[in-house]
Every structure is written in structure tokens, then in C-alpha cells.
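Novice: Pasting the feature list from Swiss-Prot:
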ACT_SITE  Asp9  active site, proton acceptor
ACT_SITE  Asp131  active site, proton donor
Amino acid sequence: MIEIIPAIDIIDGKCVRLSQGDYDSKKVYNENPVEVAKEFEANGVRRLHVVDLDGAASHHVVNHRVLEQIATRTSLIVDFGGGVKSDEDLKIAFESGAQMVTGGSVAVKDPELFCHWLEVYGSEKIILGADVKEHKIAVNGWKDESACELFPFLEDYINKGIQKVICTDISCDGMLKGPSIDLYKEMLEKFPNLYLMASGGVSNVDDIIALNEAGVPGVIFGKALYEGHITLKDLRIFL
């Protein structure tokens, strides 16, 4: 069964969502992300994806206090991403209670450092973030496109020991128009042992069912929950 991973995106300490990574499209859903996390936990959710959008924009971890509060006031397994660009950022994330940390831009810009993290912390704790626009990897909070093609990028890191990947199709993210199932199928055909977490575009329970039927191991979503297109009760069949 597919793993359900709600997302909490944070700006100014608040729970927000963007559309296609556009910071100008910010919508605040809750002033208190800890309350959101506690509600998820009360409904059987075990895993949480926390994104520091301030961190992604400013190239260093910013909202670690929110992470710390979520980690201490719930028993959710938290993976954290956004602005993790240095050893110090990684240390802050783990010390603040993240069980796993996602690196995206750093894996493109400083592969030596990212591989060092993989060696030190292992593939259980380090997740590769592959944010994709037309099969190219995007960096810096999705503001810039790199020259990295998705499949060679993945193959390189899988050969170096990566096992967990969060793949976000930027064109779908926050648009509630359905996920890129064909892309994820293609990824799993090429890399059948990959623990792939699909992110972006989930609009209803049928999308999650379709991802599950496609063999996708995990799904990350937020806006569909916050907008009421999916209820926590709907998710019980997966939990």
C-alpha cells in the first residue's frame, strides 16, 4: 500500500501552499503548523514532509524552530527539506528532530558534499529531491533550471547509494490537476528498487489510488487536503 505523506510548507512560521513554486501565489492555511501536524497524527498519519520555503529562498535553514516543535509535540516521522545547503544546515535539521533530510539544489550544485552526507548518514536518512520541469532538474526553490537531465541525474545518485527520492513535477505542483503518473511509471521501470515519493498535482483520492496502482511507494500532497478535496477520513483506507 502506498505511504501517505502530507506536506506542511512553511513561510514566516505559518503553514502555506504555493502554486508551481511561485512565492507570489502564497496562501496561508494555518498560523500554527504544529496544530496541523497534530491533527494529521490524530487521524492515523505517521509520516510528514516539512518544507522550509523561507530556507529554500534564502539558501539556509530558517524555520527549524517549527520543525523542533512538530518533532517534540508529535511522534510523526518527519522528513525536512528547504535550504539545506551546508553541514551546519544538516546538523540543525537533525538536531531539531528531523529523522530524514531532503537535499535538492545541493545535490546539483555540490554533489561532493551531498555524497559526503550520504556516506556519513546513510541512505535511510538522506533523501534526494528531484524537482523536475520538462525532464530537467530545477534548483533554488524552483526559480532556476539546471542543465541536469532527470534520468542521468537519478542514475548517478542511485549508483552512489541513494534509495529514496522525492520527485516533484513543478508544472503540476499546487495546481490540483492530477499527478504525472506516466513520469513516475517511467522512473520505476528504469529504477524498480527506488523508494519513489511522488509529489505535485494530487487533487483527490482517485489520484492516490492511481499512484498506488502504478506501484508508486509514497505520495506527498498538501493543497488537496487544505482545500478540502481530500479529507483525513478519506485517507483511512491507506493508513
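Cβ atoms are placed via backbone N, Cα and C, with glycine included.
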Novice: Quick one: Cα separation, Asp9 (active site, proton acceptor) versus the residue listed as 'active site, proton donor', in Å?
Specialist: 15
Novice: How many other Cβ atoms sit within 10 Å of the Cβ of Asp9 (active site, proton acceptor)?
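Specialist: Taking all protein chains shown, Asp9 (active site, proton acceptor) has 25 Cβ neighbours within 10 Å.
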